[in-house]
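According to TrEMBL, the features are:
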DOMAIN    81-387  domain 'Tryptophan synthase beta chain-like PALP'
MOD_RES   LYS117  N6-(pyridoxal phosphate)lysine
BINDING   ASN143, GLY247, ASN248, ALA249, GLY250, ASN251, THR386  pyridoxal 5'-phosphate binding site
COMPBIAS  395-409  compositional bias 'Low complexity'
REGION    395-419  region 'Disordered'
Amino acid sequence: MSLSLSGDQPEAPADADDGVWLECIECGETFAPFDDVRYTCDECDGLLEARYEELPTFDEFEGEGVWRYSAVLPFDEGVSIREGATPLYEVPGLENDIGVETLRIKHEGMNPTGSFKDRGMTVGVRVAKELAVDRLACASTGNTSAALAAYGSRGGMETLVLLPAGKVAAGKVAQASLHGARILEVDGNFDACLDIVQDLAEGGEAYLLNSLNPFRLEGQKTIGLEILEGFLADYDTVPDRIVLPVGNAGNTSALYKAFRELVQAGELAESDVPKLTGVQAEGAAPMVEAIENGADEVRRWEDVETRATAIRIGNPVNAPKALPGIRETGGTAVAVSDAEITDAQRDLAGEGIGVEPASAASVAGLRKLRREGIVGDDERVACLTTGHLLKDPDAAAAAGADPEPVPADTDGVLEHLQN
Ligand code: F0G
């Protein structure tokens, strides 16, 4: 079974809870959503998705932020720190330079903890409360740990995070630390951290809030809904393409789900669905490899490396949801070098938009695809920037100009400025 845009709305099983249930994307088995803790299918270990009896219509959304979309979320409200409602910036200089009809930047770095992860956590921590668990855990390249720590403490729960030692940007570790997470530094990469935390979760040690958790992706789905509403308000049409950085492929899966639900509801024509276009760093590009080879499965890369540490991931666990998303929407995936990522980070900074390296991958990827002619000059494009510049101060300082030492007197400063 592969997730398709034109799939019918399934019927609610008897054990649905208030019109919400979980369904396996592989074998179609359904489960009550909040009776037991479950991350994958009991029958075949496939990935799960949340399903709703009611499909979304644009006119029933009200309020601001993630919970504006409660009609397509498992609850009406969550453990909130006012996440979502992020800016969709115009960037006329960059739009002209890259050469597309329209370019807008959806800056998810403007969320409470500085990344899109907050959207997933407001929902995920609400579900954790429903399940009455007391400890939350995740593996992380940094941002998930910061969001989990903040939302966990807001929800009054203990948090445990597993980070790849030496490979997490300073701002993110600082956030997880101050928000009170217990931080375990693992002598291995992110994929090893995720293997371990999955074992811990299976053993009942903690509730897993990585994007393997289907409820996290429900919150992240609202990025797609906000982009569509923003384009409809400004241009009376949805974007042709959404370009986003890919690590575990959670966002790619979440946006695809948002579009599928709108198509099923008759709110979006199948032919209008934005082309989902994923960007990875060359040193960590298993999704790009799978798209280029037309493969059904993604090969796990054991050795990954990139300056964009947020997407330093070799085993994208959401690939079975994301590959059909890229293919069915007519999108593609592309790899960019660290140098191209840094250039794009500078380009965005030049428009006043401060992002961390992984975020800039979207703009670097768009530039490359435009140069190759895969993206046309008539396209309306939204690029997702996923995290704030201050997440990775070292990368920002390295990409920017060096401070200049001067003496502590005006004459000395003037003399320096004249040189
Ligand atoms: N951009 C940033 C800034 C991220 O932190 C991540 C993922 C991604 C992009 C990739 O998103 O996994 O949905 O494809 N960060 C995770 C973390 C893995 O632990 O913070 P994805």
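Every residue gets a Cβ built from N, Cα and C, even glycine.
Structural mapping of features recorded in TrEMBL.
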| residue | record | DSSP (3 states) |
| --- | --- | --- |
| LYS117 | N6-(pyridoxal phosphate)lysine | helix |
| ASN143 | pyridoxal 5'-phosphate binding site | helix |
| GLY247 | pyridoxal 5'-phosphate binding site | coil |
| THR386 | pyridoxal 5'-phosphate binding site | coil |
Which of ASN248, ASN251 has the fewest nearby Cβ atoms, counting only those within 10 Å, among these binding-site residues?
ASN248
Recorded pyridoxal 5'-phosphate site residues ASN143, GLY247, ASN248, ALA249, GLY250, ASN251, THR386, farthest C-alpha pair in Å:
14
Please report the distance from the Cα of ASN248 (pyridoxal 5'-phosphate binding site) to the Cα of the residue listed as 'N6-(pyridoxal phosphate)lysine', rounded to the nearest angstrom.
12
Fewest other Cβ atoms within 10 Å: which of the recorded positions LYS117, ASN143, ALA249, GLY250, THR386 wins that one? Let me know.
GLY250
What does the DSSP secondary structure composition of the region 'Disordered' (395-419) look like, as residue counts for helix, strand and coil?
14 helix, 0 strand, 11 coil
Are there any residues at least 6 positions away along the chain from GLY247 (pyridoxal 5'-phosphate binding site) with a Cβ closer than 8 Å to its Cβ? List them or say none.
THR141, GLN280, ALA284, ALA310, ILE311, ARG312, ILE313, PRO316, ALA358
Report, in whole Å, the straight Cα-to-Cα distance of LYS117 (N6-(pyridoxal phosphate)lysine) from ALA249 (pyridoxal 5'-phosphate binding site).
13
